[in-house]
Each structure stands twice: as structure tokens, then as C-alpha cells.
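**Student:** Here it is: the structure, laid out below.
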Amino acid sequence: MSGESTPPAGEGAGEPRVAAPATPAVAPGSTRTRLLGVLVAGLVVYTCAVAETMIVPILVAILLGLMFAPFVRALERWHVPRPIGALAAVAIALAIGVGAFALLAAPAREWIARMPRALAHVESVVRDLRRPLQAASDATRELGKLASMDGGQNVRVVDSTPGLLSQLASAAPTLLAGITVIVFLMFLFLLHGDALLRKFVTLAPHLRAKRDVVEATRQAQHELSLYMITITLINAALGLATAGALYLLGVPDPLLWGGLAALMNFAPFVGPLLTACALTVAGFAESASPLTALAAPAAFLGLHLIEGQLITPHLVGRRLELDPVMVFLALVVLGWIWGVAGLLLAVPLMACTKIIAERTPGGRVVATLLSR
């Protein structure tokens, strides 16, 4: 006998064996689809970064066309030919842009020239404020003296204004080309926008679908135009209020800072923060007292708080509010790709995407993702 016990007959013989659960196999097509999606997303980001000088003017022209489309339709109802209405809209947009540039170019150039010394003054004020809190400052100063005896040099402020102005001058041809593209595309969009709508309608398979496409497109155009006009007017009002407050505080060139506040308010979070930082530097450049210098950014932040918490939610409505996380991600991505232009275009493009997705079959997921 070997000593091994054999199981009794019938024990375990009739029991069914439980097979181990099979691991689900990943379909090769699903993996290829994911990889293709990642590849397409990377290609889109790369194309947007490379073709910035072409894509940004196109997007600006579309947004301006949406803003002025109700004006052109109103003129058409008053029996004004559509080409004349489109020309009038483009002329108004150009007049606003040229007027703002003529009004703000000289003060902006002066502040650019003063910015290096203003930053140096801010640095000295911050150093003075930190000095009482540094217990080891005397020892650090002594070490600095010993190091200066060995060929050290005094720190001096280098004026980088000529380099900055030369960069702006070198970018002038690209800027003029972009403005030309914006003007022509805006005119064509206002002139032939309804023709494009009719072409989209012809793609619908039957009459009911055609009616749905017409209704959805008109509602989307109306909401897009209303959103762009409302946001622009709110930002302009914030700029005027900021300019008035800075004028009462005695800050030089209040219209320049009001225009900056209005423009940068198109980029939530980042824009107001940059405006407050610029006003802080300007305040320290004009006043040696920290309390007086901080009055300008404090006034702006107070006005921005009223605008963001009371005025914009009331006028724009809760339905058009965007998710803050998605807004921040859009600011980061488009700011990384297009710089300042991306920061200014991120929120209008997100709002347009949300409005269109709400009226597009299969777009509810995108609209829900972008909604608060």
C-alpha cells in the first residue's frame, strides 16, 4: 500500500466542475478606435498651433458676424439691401476698433516704457515690507558685502522697452494680414449667411427634418448672437465702471485700464487676475504708499465681483452658464496653443459649442459636459 487515500467512489465524481471566469478579450477594433482618436486629437492640436495665424482670424470673423447679424437683419427689414447692411456692420466694427486703437495706443506706449522702472519700484516696496520679518537679513547682507568685494557688481534695471517695441513692430504685418482676413470674412458671413443655412437645409432627408434643421439653426443663431452681444455689453460696462473708479482715485489714463479690464474679462479667472496685477504695478508706480497703490486693484476687483456674481448671471441666465472646470481647462489648452488670443476666445467658443450641441442630434452629451 502506498499510503495515499483514494476518495470514496461517488464522492466528487458527480459534482460539476466550475470553470474559471474567462477574461473578456479586448476587441482589436476598439483599441484601434481609441488609438485613432488620440492620434486625431493630437493632430488637431498640432494643426491649431501651427495654423494660428489662419484659424484665429476665421474664428474672430465668425464671432463678429454672429454679433452683427441681428443688426443686418434689422436693416433688411427696413428695406436696406443686405450688401449695404453688411458693409455698414463692417464699417461700425472697424470704426470701433480704429477708434479704440487711436485713443489707447499713446497711453499704452507710455506705460510700456515705464513698466520696467515700475516693476523695480514694486520690488523695492516688497523688499521694504519683508525686511522687518526677516531675522537673518543682517547676516545675509554681510555675506552679500563679502561677495561684492570679489568682483561683484551692483544690480541695475535694464530697460527692455526697445526690444518689446521692436517685437510689436515686427508683428505688425501679421496683425494687418489678420485684420484684413477678419474684415473680408465678416463681410462674406453677413452677406451669405442665409445662403449657407439653405445649403444645410437641403442636406435633410425629408420635409419634417428640413423644418427641424431650420428651426434649430435659427434658434442657435439667435442665442449665439444674443450671448455675444450681452457678454460684450457687460464687459464694456465693466470697463467704463473701472475707468470711472480709477478716474476718481486719480490713476493716470483711466480709459486705458478700463479698456484692458473690458478686454481681459472675456477670459474668466485669468483675465481679471492679470488686470489686477497690472493695476497693482501701476498703483505702485504712481504712489509710494501701499494702501494708496492697492486702491486701484481693490476697486476693480470689487466691480468685477459685482459683475460676476450679480449682473452676468441675471442677464445671461443660468441655462447658458458653463462648468468652471471645463472653462479653466479650455483657458489652459487654448492659452497654451494660441496665447492671449486663445484666452480671449476660449469662453465664447465654449458657449457657441454648448448652444449648438443642445440642438444637434447626439450633442446632448457635450452640452451636459459643458453645463454647470
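Positions of Cβ are set from backbone N, Cα and C atoms, glycine also.
Sharing the features that TrEMBL gives for it:
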type	residues	note
COMPBIAS	16-27	compositional bias 'Low complexity'
REGION	1-27	region 'Disordered'
TRANSMEM	43-72	transmembrane segment
TRANSMEM	84-106	transmembrane segment
TRANSMEM	168-191	transmembrane segment
TRANSMEM	226-249	transmembrane segment
TRANSMEM	255-281	transmembrane segment
TRANSMEM	288-306	transmembrane segment
TRANSMEM	326-351	transmembrane segment
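Any idea what these are sitting next to in the structure?
**Tutor:** Remote same-chain residues near the transmembrane segment (43-72) are listed as 82, 85-86, 88-90, 92-93, 174, 177-179, 181-186, 189-190, 193, 221, 224-225, 228-229, 232, 333, 337-338, 341, 345, 348-349, 352 (criterion: CB distance under 8 Å, separation of at least six residues from the stretch ends).
Here the transmembrane segment (84-106) has long-range neighbours at 64, 68, 71-72, 75-76, 179, 183, 186-187, 190-191, 255-256, 259, meaning same-chain residues at least 6 beyond its ends whose C-beta is under 8 angstroms from one of its own.
Non-local neighbours of the transmembrane segment (226-249) in the same chain are 63, 66-67, 70, 255, 257-263, 265-266, 279, 295-296, 299-300, 303-304, 307, 311-312, 315-316, 320, 348, 351-352, 355; each lies 6+ residues outside the stretch with a CB under 8 Å from one of its CB atoms.
Beyond the ends of the transmembrane segment (288-306), by six or more residues, the same chain brings 125, 129, 238, 241-242, 245-246, 249, 251, 257, 261, 265, 272, 275-277, 279-280, 282 to within a C-beta distance below 8 angstroms of the stretch.
Away from its own ends, the transmembrane segment (326-351) comes close to residues 45, 48-49, 52, 56, 59-60, 63, 224, 227-228, 231, 263-264, 266-271, 320, 369-370 of its chain (Cβ-Cβ under 8 Å, at least six residues beyond either end).
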